[in-house]
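Quick notes on the structure that follows.
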Amino acid sequence: MNGSKDLPEPYDYDLIIIGGGSGGLAAAKEAAKYDKKVMVLDFVTPTPLGTRWGLGGTCVNVGCIPKKLMHQAALLGQALRDSRNYGWNVEETVKHDWERMTEAVQNHIGSLNWGYRVALREKKVTYENAYGEFVGPHRIKATNNKGKEKIYSAERFLIATGERPRYLGIPGDKEYCISSDDLFSLPYCPGKTLVVGASYVALECAGFLAGIGLDVTVMVRSILLRGFDQDMANKIGEHMQEHGIKFIRQFVPIKVEQIEAGTPGRLRVIAKSTDSDQTIEGEYNTVLLAIGRDACTRKIGLENVGVKINEKTGKIPVTEEEQTNVPYIYAIGDILEGKLELTPVAIQAGRLLAQRLYGGSTVKCDYENVPTTVFTPLEYGSCGLSEEKAVEKFGEENVEVYHSYFWPLEWTIPSRDNNKCYAKVVCNIKDNERVVGFHVLGPNAGEVTQGFAAALKCGLTKDQLDSTIGIHPVCAEVFTTLSVTKRSGGNILQTGCUG
């Protein structure tokens with residue numbers, strides 16, 4: 001008997017990953033530890049303006065990394081102003097150089113892109129700068145930027161394609177507007193800017209653009225920071241407004257026209273009210289769209305292998321083990337239905353998936369109590385449930401909210417932003433006042449939130465917070481002295497850093 005004819009054809013790879021972002025790269029490197037043959041396909045479709053970038057995905061190239069660096073540029077401007085009150089004779093004529101900042105940011109990103117390629121090579125992961133598209137069971141077509149096609153087969157596939165910014169679908173949006181994909185490498189200062197949207201991307205970009213001295217307006221359709229705690233969102237909006245950012249509420253653009261070409265040029269934006277027939281128009285140098293993001297799942301041949309997606313959102317439903325309805329195809333990151341769109345979540349999910357597939361692990365990604373930070377001028381860190389979600393889940397009578405304003409010591413000398421920083425914990429009364437939501441608005445909110453996130457994972461209660469001795473004088477100590485409940489209506493204003 002000739003057994004060789006009955007053996008299935010071997011696959012080219014054990015695992016092919018579509019998408020070279022944070023999640024895909026984490027999964028690739030982890031799978032390679034188990035001596036698996038792994039390939040990563042990554043391709044950046046240029047923006048309407050032609051912007052493209054290297055390996056690493058959104059976070060590294062057009063997301064968290066450049067955003068935090070530009071946020072830092074804005075904070076340094078504030079620090080320069082504060083420094084005069086501390087005895088530094090800073091000349092009044094300090095100016096910001098956009099080109100110098102973007103060059104420095106892009107140089108750093110370039111070094112990260114190179115580092116990822118080196119890491120893949122060292123781990124013997126095959127990387128191709130090519131667009132992946134399923135063509136049949138266990139088979140994928142890879143098309144490079146010259147249009148050359150190759151077919152590869154694999155035992156398993158991981159979809160980690162991420163999301164891209166959404167456009168409005170109005171006259172002039174793709175011709176004249178930019179998105180966050182373009183902003184961080186924009187070769188000229190954007191000048192007077194209209195930011196369209198109320199997402200965290202919109203508010204973060206508006207914040208640092210205003211922080212480096214630009215005239216910024218934010219056009220909002222309805223509420224700020226949908227999905228986040230609305231009490232915190234409104235406090236962020238108020239602070240931004242007090243610091244010179246203008247808000248146009250309940251309006252949406254219906255047309256963008258070019259008045260004059262240039263770098264930047266001049267644009268006319270016509271907008272319509274969401275609750276009447278009123279239209280308004282304004283003139284800006286740059287229009288930045290930040291109205292949301294869409295999953296990159298519709299043009300990768302999922303219909304050729306039977307992977308189900310949510311037709312409305314493009315998101316992929318998966319099991320607790322990130323498995324799609326097709327057993328050999330998995331998905332992680334921003335494209336998952338009902339999961340958090342955060343880089344560290346994708347990284348964790350990618351690593352754990354590889355460990356389950358190849359290392360005998362049974363540990364699944366925990367999507368509960370994930371900390372996050374919005375890097376607005378006044379940073380907002382949170383972990384767990386918003387106040388609204390807690391009330392919805394446990395009932396208003398079973399939720400106790402402890403809160404307080406606070407004033408960072410460093411801000412008392414320049415006498416700025418008194419009673420703007422705010423701390424809040426949301427507790428479940430029925431469960432020994434377990435802390436189910438943690439919220440802080442203030443400097444270094446991400447650094448503050450990270451440690452408390454570990455405590456929430458361990459089942460932190462209000463009693464445990466109260467019995468913790470604070471570090472003095474720091475912002476985070478406010479969480480060890482919260483005594484006023486929201487329902488009491490008691491005074492939460494602070495007169496100094498020591499309460």
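Note that Cβ sites are derived from N, Cα and C of the backbone, with glycine treated the same way.
Disulfide pairing as given by Swiss-Prot: among Cys64, Cys177, Cys59 connects to Cys64. Checked against Gly132 (FAD binding site) by C-alpha proximity, the recorded positions Cys64, Lys68, Tyr200, Phe228 yield Cys64 as the nearest. Around Cys64 (disulfide bond), taking its Cβ as the centre, 18 other Cβ atoms fall within 10 Å, counting all chains. A separation of roughly 19 Å, to the nearest angstrom, links the Cα atoms of Leu203 (NADP(+) binding site) and Thr343 (FAD binding site). Proximity note: of the listed recorded positions (Phe43, Cys59, Pro66), Phe43 have a CA within 10 Å of the CA of Tyr131 (phosphotyrosine), given in sequence order.
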